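Report on the following structure.
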Amino acid sequence: MRGQQRRCLSRDQGRDCFKHCFRHSLQRAVIALLLMTSPLLAENSPLSRHEFVQIRMGVPVRIVVYASDPVSAIQATDAAYERLKQLDRTLSDYDPDSELNQLCLAPTGTAVKVSPDLWSVLSASQKLSAQSDGAFDVTVGPLVKLWRVARRKKQLPDPADLAAAKKRVGFQHVTLDTAQQTVTLSLPEMQLDVGGIAKGYAADAAYNVLVEHGLPIALLAVAGDIRVGDPPPGRTGWRVEVEDRGRAAPPDHKPLVLELCRQAVSTSGDTYQYLQLNGVRYSHIVDSKTGLGLTTPGSVTVVAPTCMQADGLATALSILGPDRGFAFLEQFPHTHAMFVALNEQSEPVVRTSPDWNTVPTVKPAN
């Protein structure tokens, strides 16, 4: 599921950096043996670090946990990955059989009962759409599909196709019935795309599974959406790199390192997914009001209490820009944002929200 934005600008650093750790069959055999022969050895054992990565929702999902034994780590992360697999079946706009796509195929004007997960994502999306005056809009699906084709063909969408797609867009045409938990789409051929918020929701949900298994000291990254829990032993937080120079960063540049605890961070930008034609770079982030991919170069990083909030706000702020974006952000407690733009000389210009300096940072090692 790859919706309004995807980006992988944030990554873990230092001892807490990800190392692409795959589980092999031999490791599985060892773990199974431990499970059968020594289930009580974990009691009072010191916590150790365990890292995993699997593909879920079309992207690498990395999980780092601290556990007293490898058995507990394997069991918890297996459950977290299974939760992500289930969410992909619900929220994917690529899978024609997903619950999201089946909702879009329902007859126009029909109230459709949806699952708790889809309801949570759509209700949060509609609230953010209203708050941002449509800067965030999950009905942008018809436009997103046109721009996906445009990037493959390396040519701009046909203006007539864009005009026709825009007629099927508008969050005002989605009605939610809270009492019945039903969703009604009032325009023909509407297509919902929750890619601007769903991976954040998924990161939160998978982290909650780890907590339920007794592992609150964890970091979970669904592509560029990162959720962290309690800090690792002996530290005050998880160290997460964010690119503060965008794609203008020189090879030897050391990114900004945040130290986060029970928070989330998400970055949106045009570094990885874009279409460049005639000297203009069109981002994969689509403005539902213009129907066009953003042409303002740069990225937005948001730190927030939850990953779903950070993910959705990063999309909305990308479209709003720093001036309107910082004013918009004031209504969200404990959230912080950093814009990195490129000027005409392709030099980075960094702007941050007024309280960005309250986010703990760590000086990179030389």
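Each position is counted from 1, following the chain as shown.
In case you wondered, yes, glycine gets a Cβ from its N, Cα and C as well.
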Candidate from Gly141, Gly170, Gly195, Gly196 that TrEMBL assigns to the same Mg(2+) site as Asp311, Thr315: Gly196
Count of other CB atoms lying within 10 Å of the CB belonging to Thr315 (Mg(2+) binding site): 29
Site with most surrounding Cβ atoms, counting all protein chains shown within 10 Å, from the binding-site residues Gly196, Asp311: Asp311
